[in-house]
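K.L.:
Take a look at what TrEMBL says about it:
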{"type": "DOMAIN", "residues": "C:4-163", "note": "domain 'Arginosuccinate synthase-like N-terminal'"}
{"type": "BINDING", "residues": "C:8, C:9, C:10, C:11, C:12, C:13, C:14, C:15, C:16, C:115", "note": "ATP binding site"}
{"type": "BINDING", "residues": "C:85, C:121, C:125, C:173, C:182, C:258, C:270", "note": "L-citrulline binding site"}
{"type": "BINDING", "residues": "C:117, C:121, C:122", "note": "L-aspartate binding site"}
{"type": "DOMAIN", "residues": "C:172-388", "note": "domain 'Arginosuccinate synthase C-terminal'"}
């Protein structure tokens, strides 16, 4: 009896060919398609897997888990790799790996396979995650292994009755989930060229956005969005609705020359209407509710967490430890943020919180002022003392305080 | 003969009253007005100082020095305090302090005075800077010291024939220089309220921006903007032109709940059209020209430098050491960035450089691909090895590689 | 009826005088002496407080709480301020503040008082902690307020029948608890002078240590020492025993030119036999059990936590968040460490753990080697790729991979 | 005519066999032996290379360059990887690579070869450095490539008349230079076992150290040791002398469970008498001369620089940028440090500097006190304000300042 392999199946040409190629190697293939919000026709994908040779085809709706356990971490840590990229694919890979391993264990498979090439980040994320979750499973990377040109792949597909997609000359390479959409290749490879409108799908171009803003209110509890415009919704639903309304206003286009883990620079275009809107809103609520020391140190944690996730180490113990810090900071991030969506902007116009640390009586310049101005005299003297001593020593050769 | 004090003079009510108040204390007052690009009528300010009682009145044009030695550091370090505030006033204070000390030394003054209250950051920046530059000079802070209410101050002014400004009920407190404009107080003290249009001066509201974009090209050498649209200009001129054109498109409005050094949260509104445009363009050129390791560590330096400047420690030796790092990174930040100014956005659409580290042959997914995909197999194995060993130990009680 | 104040009472001259001084201000004084392991005669201290005028005298044994909730955090975070000082007093101050506040709330006091001068760190730690725990309580600092010279203080004491200690000319100023002993002043104020033997109390000088080592074994669970030489003990007991045996061998002397929070450099001498021994042992167990990524990032948390505690912010939410990270890392820090105590050294000679990530089969150079040497080829190629591309661009003007 | 390869030659079995093996591949071999202070018989090594088949044999004395440009950076950055390892081999590899590339360019060689296996850090350091310096040179790693067992290697040596070293059963694998000596393998592979005395060579065991201390004085200028005991010496000479005298007292033994770049933990034993003595002395002088802000941020730079060097990225632009920071900090690190060498300790007993920022008048508790104690009141109030506001909000539901 052939050994089983669980393949991360997308319905596209590469993974369809991979089914046949894995069969050539003697495996029985279980195709597994994860729905993390890419908006595909899952029935079609499911049956296509069987059609091109899979022994079994599984579709798993992981949208809720993706929102609650992956996207939420990215939101609360304001994760923007290199200040720009909201970790779209980097977030879904560990979840997909987890589901593949679960299926492999249920089915008694000996291996898990993914369709990544040898020069992206996703191969790292899949393989490190799978090894972390079950070191006994083999990992196969058919596309990286066969090393075919496009023409050779099409030849092989034709010979094996694998349908060739009609949009084969689509110049873009897309990945999408609830947290956004990434796009690379084609004309984008020239960093001097502007991305063409065809590169975008979730957002209107600025020229085509409405001339009237939308105003939304997002309510947070424990750092988690719980209400949109006064309606309790799951995070998954909030993200979906925001992708629509913020996308309509052109929010969340990102054009990024990016340093991949595997050592090269690539040019990527992202669209993340909900992610950008939520990160902005959440940051503003933190500005109101986090004490200064936490606000100033949290970015160190954020940057590390972002790097760890980008680099495929979601299942490293470091991720958990960083989340230990993060969780503590979110306990009082509660309140409401009012956002104006307009012309590509998600502008936070107002924020309020039962735990607001902003104190008008301390901040005001009116007669209500409760701040002790004389305290500043002593503060400044001691704050500047090291600099003053240094200046005295170096200008005069002696301390002259 | 009375002892001399050099007062940082703005022409406004507070510092006009301070001249008289200092005279009451027995000083002879030298008013000193620095032009760092706030666009004031300097002749008026100069003669007003004499009119309200100064012995001498000095106006110093420090715009070029401000651009070249202060704003440039903020630009190259992408300085945004708490991710938002481009350090407008924080940058000018050390320069103003330096000029005040220079005048004080020339004039044989025993003290320097500033018009700050006791609860802002600027008092710290002035006092620490002055002490650093000349520890023998006394620092006076008349406004903080007298502690008058608005009414008491106006009474005193009236009694002393100090003109009361006609816009005395202006609810805002403004500071401005080449790098931007800051605004606090009044209605802004409620963080739930949106800033009114009247709070802004350098930028059009989104509703009033042109419906056609402007495209500009900025050329950098050694990390410094040297050309705008193919014309060689000084940095001061580039900033001035960008403030106009980017301001016209509504670029650079910032609404910030901010943690002040002296321990309170305040709400500030900033407008920085040129600063935001230049920081975005410069960052994109770095994305193209900095090697990954530098790109990933530079933010640590940036954050520290920003914090040090915000906190009034420009003349601390730490600032110089951080600049030592910064200068090394800028040597190859050269090239051209194309920016689309439109609807409040400064969108970098293209970037090119003679030192570009982006290599299409490595990045491409076409047949031109020069990247060795098989190298990834070994890379991933070793990259994930700590995680794999950890999983093996913790799931199975033994290492099973 | 007079208002009550709770005074942190040590039994020394300063706080004895403070009792009377507070009575002069109209307060009824409740003396409160905390035992955090300084080895004082507590009965004597308790009755002396009454003798010099306190209304009530309370002694609280807080050793167990100090060990389990304060020293343990310092141990697990290897807290050494500026790489040297194990936070002795910095750790006890927040606990003492907490107990003072508890007593104040029980007794209905309106204020809490401490005996610190105006130039140490401890005043900050006390006052910030007290304000954090009960912002309604006033904080009094009699010694800082009265500003007397030594002679004036003695005069006052004499007039008020406060006994003058016989060791009044003791040139040192000591603070001590389970985690160590600090000493400042006197001859130590000259940084070129070696500390005299008289400055030390817990440790033998190297010249007087035994010529035979002691070998001890410390067992940890969850990052916490639980056994010493195969005997289950509380952390408090382990620290006490280690202070003796490691002190006998001269372990833990520290001579530190230190930057205080309040802006000056001071010279301090510390003795921390148990602390240094435990930190070394714990670090070695982490070297064995923490995955590389955690081991390399934990120092960032450690440094911040140490700084926060040193700076008096134990009750800041930042401390809790940092502990959230710390706690996650300690879950698998379990095992046994063998330490040789000899001639001032605590040398870790062996370490073992059920969760050891050290894998002889991967590490060995024998034929047992399970490491795939060929994986290194791909790893090195990608690891060095950014540097190689940079060199190619800058040496040749073009990428030549 | 055969193509030339430059081989890093040590005189040991591996690189002797590599000469023949490279000849088998058709190369003409130029053996190149670098002297970075390992104390070898270089004449013997030079002639042995020819004897075992090299076309040409070169010996380069690089000790001065190693001390001045590599060890000095490690000293000034207090480089201790994972808090323990002073970067012995990690420092010499880039210098050796540089010399190999220089010879290769002079000789018209097409390749450079090193004798590292596939699981150490040194292969990475060599290969990344060589690629950085001359991307056109090939890098060969014969030992990694041939993959022989010890027996197979000896067989090959015997067949090719390559002398088998008499200490072939030496269980240790050693690398040594001015900055120290590293040792791995054999009994050391068990982390519970204490390293045997035979593992050490530069240092006396504590049991065998003199019973009288040596006192030395080290003078620094610009952060660089320039005098030892009042005698001007080159850094190379200072290191050599300190290795002897500090080694005699047993200073600098290190036993380290270490995380290698290539993903495994290994156990290493180091001896670095001079390095540890100099780092301690230098740190103490910095404690006296660096302003607090620099002292507190420099460790971030130190840790990164150490990591970058350990990881083989000496020739990355990041190293230069970090050195830009470092150089600025060293300008005033001047003065004299008195060190007591005794029983494995390098104890700094005194330090003095013309640029000392330690000010007895500020630090003292005597009547000389120049510090304004009242300034602390204001300082503490503002320092603790965020914590106080946070407590007020969270305990009472409202701000109550």
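Glycine residues also receive a Cβ, built from the backbone N, Cα and C atoms like all the rest.
Nobody curates TrEMBL annotations by hand; they come from automatic prediction.
Burial and contacts for the listed features, if you can.
P.N.:
In sequence order, C:15, C:32, C:33, C:34, C:96, C:100, C:112, C:113, C:114, C:115, C:126 constitute the residues six or more apart from residue C:8 (ATP binding site) in its chain with CB-CB distances below 8 Å.
In the three-state DSSP classification, residue C:258 (L-citrulline binding site) falls within a strand. Spatially close to residue C:258 (L-citrulline binding site) yet at least six residues away along the chain are C:81, C:82, C:84, C:85, C:265, C:266, C:267, C:268, judged by Cβ distances under 8 angstroms.
For residue C:121 (L-citrulline binding site), the same-chain residues that are 6 or more apart in sequence and have a Cβ closer than 8 Å to its Cβ are C:89, C:90, C:260, C:261, C:262, C:310, C:311, C:312.
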K.L.:
How many Å separate the Cα atoms of residue C:182 (L-citrulline binding site) and residue C:117 (L-aspartate binding site)?
P.N.:
16
K.L.:
What is the average pLDDT across the domain 'Arginosuccinate synthase-like N-terminal' (C:4-163)?
P.N.:
95
K.L.:
Compute the mean position of the Cβ atoms of C:8, C:9, C:10, C:11, C:12, C:13, C:14, C:15, C:16, C:115, which form the recorded ATP site, and then list in sequence order the other residues of that chain whose Cβ is within 8 Å of it.
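P.N.:
Surrounding the site, in chain order, are C:17, C:18.
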K.L.:
Which entry in the list of binding-site residues, C:85, C:270, has its Cβ near the fewest other Cβ atoms, using 10 Å as the limit?
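P.N.:
Counting other Cβ atoms within 10 Å of each of the binding-site residues C:85, C:270 gives the minimum at C:85.
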K.L.:
Determine the most Cβ-crowded residue among the binding-site residues C:10, C:16, C:117, C:173, C:182, using a 10 Å radius around each Cβ and all protein chains in the structure.
P.N.:
C:16
K.L.:
Tally every other Cβ atom lying within 10 Å of the Cβ atom of residue C:14 (ATP binding site).
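P.N.:
Its Cβ shell of radius 10 Å holds 19 other Cβ atoms.
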K.L.:
Mind giving me a neighbour count for residue C:122 (L-aspartate binding site)? Other Cβ atoms within 10 Å of its Cβ, every protein chain shown.
P.N.:
19
K.L.:
Suppose the L-aspartate site is C:117, C:121, C:122. Which further residues of the same chain have a Cβ inside 8 angstroms of that site's Cβ centroid?
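P.N.:
Result: C:116, C:119, C:120, C:123, C:124, C:125.
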K.L.:
According to DSSP, does residue C:10 (ATP binding site) fall in a helix, a strand, or coil?
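P.N.:
In the DSSP reduction, residue C:10 (ATP binding site) maps to coil.
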K.L.:
Among the binding-site residues C:85, C:117, C:173, C:270, which sit with their Cβ under 8 Å from a Cβ of chain D?
P.N.:
C:117, C:173
K.L.:
Taking Cα-Cα distance, which of the binding-site residues C:122, C:125, C:173, C:270 are within 10 Å of residue C:14 (ATP binding site)?
P.N.:
none
K.L.:
CA-CA, which of the binding-site residues C:122, C:125, C:173 lies nearest residue C:12 (ATP binding site)?
P.N.:
C:173
